[in-house]
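Let me begin by presenting the structure, written as structure tokens, before commenting on it.
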Amino acid sequence: MNNKVHQGHFARKRFGQNFLTDQFVIDSIVSAIHPMPGEAVVEIGPGLGALTEPVGARMDRMTVIELDRDLAARLANHPQLKDKLTIHQQDAMTVNFAEMAEQAGQPLRVFGNLPYNISTPLMFHLFSYTQAIRDMHFMLQKEVVNRLVAGPNSKAYGRLTVMAQYYCNVIPVLEVPPTSFTPAPKVDSAVVRLVPHLVNPNPVGDVRMLSRITTQAFNQRRKTVRNSLGDLFTPEQLTELGIDPILRAENISVAQYCKLANWLSANPAPQQ
């Protein structure tokens, strides 16, 4: 038997398809999401419906976003789900989640077994819509979840960490082995819950500045911030902001990055 075929569908490598088949894991994820009738539930990448079916059983209506035309067609003809689903056959990276929430009249509850090849850019896309999102539950590569939940002074701590924790409270839910999927991926997976802050503990006036600083610092993460951010801050300015200039990018907390972003917004670096 071809281990890339499940329920008659051939897993497409270009879409990063690995289908969840472990019932215990499926039940655990649905329990973590705890969907309730009347909520605006949106699934990204429903695939063959492993999560769609048990979540849909609890809902009157739900929305799914599926890029694969064949899988979208299967869902449109699903005997139990077809009358409940609003299907968007498109790339989730092109979805305006704010419009979707406005149409629903409430913030969205987003979940999915995300294709690992697009998980990081998709997270950044979703972060730009956190005002329209109540919470998110995602199956991701375990290494990505480790980065999302990391603290300073660790190798996993990076730009994704800072931006995720700026926007959301990030909570690991469970780890998932490769054997829970068909075909089995070559990496371990994990489920994470992201809850956008109702009141941001580290408000930033211009998020683009935070993005710029973190990109620059972590692109040169082995350098001290005195060097990696030298065109933006003098060593004296870093010291005044409570940051030792000999620290590296991974040693600086989310709160400190936010402080740097707000200071730079108020004191733009001179053009070189």
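The chain as shown is numbered from 1 upward.
Placed from the backbone N, Cα and C atoms, the Cβ positions cover glycine too.
In this structure, G45 (S-adenosyl-L-methionine binding site) belongs to neither helix nor strand by DSSP; it is coil. All protein chains considered, the CB of G45 (S-adenosyl-L-methionine binding site) has 25 other CB atoms within 10 Å. Positions annotated as S-adenosyl-L-methionine binding site by Swiss-Prot: N18, L20, G45, E66, D91, N113.
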Surrounding CB atoms that lie within 10 Å of the CB of N113 (S-adenosyl-L-methionine binding site), all protein chains: 27
Binding-site residues compared (N18, D91) - the one with the fewest other Cβ atoms within 10 Å: D91
